Every structure is written in structure tokens, then in C-alpha cells.
Amino acid sequence: MRAIFGKLLLNCTAFVRNTKLSRKPISFSIRKNIIMSESNEYDSCFDNPRLVIKKVLAKPQSEGNGAVVRRSIGRHELRNLDPFLMLDEFSVSAPAGFPDHPHRGFETVTYMLEGAFTHQDFAGHKGTINTGDVQWMTAGRGIIHSEMPAGEGSQKGLQLWINLSSKDKMIEPRYQELLDEDIPQAENNGVQVKIIAGEAMGVQSPVYTRTPTMYLDFTLQPTAYYHQAIPESWNAFVYIIEGEGVFGIPNSGPVSAHHCLVLGPGEGLSVWNKSSKPLRFVLLGGQPLNEPVVQHGPFVMNSQDEIDQTFEDYQYCKNGFENARYWRSGY
């Protein structure tokens, strides 16, 4: 998705696709695995539970070409959360969308909640991401692509940006694409989870995460509760898609849809649905890179010199942007 980054001059006004994808899933060591409280629904379960330390409402803002998104991470209230750079909840109807735009130095993860988006890039890769599908794109040294709504009505989803370490920023671009039916799911006591990345309820995703990452889509029915372990060294947050829930400790206030909740340190997250309607949220965690972040819109590097070089590479169609000289998506 195209972040607003000012006007880029492109005189040559697209990476050879790497189809040899590693399928090694990310694994991590934690003292407690996924835990359902059996003795008391109000047990915290963890000796050191993760509490909500910051709450950000994702407010609508203009993006791309006539599109509107709700941005949580990437706003001035929450510039980033290492290794996460941005989270947008989008709801877009044609002809609005995200026509040709570049990326370098990070990964984008597009998760369709409703409807479909078409995607094409300057290396000839194209396809459609339908409801429930995930596209995990490693931009690496450079990619130019378009993302546009397919079909009538509003097309809804989430797009997450995950930073890459300095050693990985200039790798060849690649894709991991999962259909909805291929994403592992688990269910227990009124709690359903899709395991996009990482592990929940003893079920592990096949996705390889170059930056170690957890991405879980939970739905809790009324009165349900759940306790999810998170590696203690990782940063983590929740984004509420629909409904309202209680997070961290049982006597905290309920939080409603479109809020991003940054979690403090601890062993894991406890959540309760005390409402009369289903609660749906995504839980994301990642291992911090602890590296400098210098971002200029869709370019994320470690220094200003690297950003300047990226602009030069993009403008003169070199060092990863060679195909930009000849390619247009048609949007």
C-alpha cells in the first residue's frame, strides 16, 4: 500500500521473482504454551501478564488514489513498534485504490477480511487476494506494484509493514501466498483462531517469517476468554476488528473496534469477551531488531545516506528498480 511520501521524480518513467520459498515456520521458546484457564475464568493465568500500556484509535485518513484507511501504527501517536512500521485497516471501493508505487527495505502483509484485491508488479507477478487470503511480500531491494480493489462494493482488509534487518534489506523480493483454506485454524471453548504466523493452541503456521513474527486472528464468542503466550523479549500489540473486549486483566475497561492496544512486557496476553456479541481481533508480536529506522514513505533503511541512495536508484531505475523503466500496471 502506498504511504504518502511526497512527489518522487521518476525519469525512467519493475527484481526477478524468487520462487524458491523457504517453508520453514518460525518457532520460539516460551516457558508456558497456549493456556486455557480451567479453574476460574478470571484467573490471570500468567505470573507476569502483559498489560495494555497504550491505546490508539485508528482514525480515517486519505491514502493512495482516493482511498481511505484507518492507520494505527504509523501515526504520530505511535510512529512504530519495533519491528512493526505500519498497520492500516482499509475499506476501498473502485475506482479508488493504490496504483503503481515502490517499496524497499521491509515486508508487507496483506490480509483480506472481505472482498478481494488484485495485485501486479513490475516483474510480471499478478493475482487476486480474496477474502481470508494472505499475501506476505518481501520487498527487499526493491519492488514496484499496484494494489486495486476487485469487484463491486467495499473491499476490506489489513496491511501490516514489518521491518527487515540491515542484512536483509537488499535481498531479492519474494512472495508467500496463502489461500484462506490453507491457513491453519483451531477452536476451543468458544475461541477460534487463524494462525497466519507463529503458533496457537498447539497449531503452527507454515509461513516463514524472516523477522520472527506472530500473527493470530482471534474470534471470541460471548463469555469466552483466552490466554495466549508471547515470547517475553518480543514487542506485541492487539488490533480490534469488531466487537469489544477486556485485555490484560479482568477488571480493566472494555475496548471497542478500531483501537490498537500496545502491550507491555510479560509472559502473555489474557482476553475476555464480556459482551453479548462476538469479539474479533488480531494479535501481533515480533522480535525487535534494535536497529536505526530511517523512513521516507515506502522506503525504510538504516541511515539517511541509504535513503538518498534509494531515491537515486528509484529515479534512475537501477540497483533493484531496473524493470521500472518499461513497466506500467495500467491503473
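Heads up, the Cβ atoms here are built off N, Cα and C, so glycines get one too.
The domain 'Pirin N-terminal' annotation in TrEMBL covers 69-162. A mean pLDDT of 96 is what the model gives for the domain 'Pirin N-terminal' (69-162).
The Fe cation binding site annotation in TrEMBL covers HIS101, HIS103, HIS145, GLU147.
TrEMBL lists 215-320 with the feature domain 'Pirin C-terminal'.
Around the Cβ of HIS145 (Fe cation binding site), a 10 Å sphere holds 26 further Cβ atoms from the protein chains shown. Listed binding-site residues: HIS101, HIS103. The one with the lowest count of other Cβ atoms within 10 Å of its Cβ is HIS101. For the domain 'Pirin C-terminal' (215-320), the DSSP-based tally of helix, strand and coil residues reads 12 helix, 49 strand, 45 coil.
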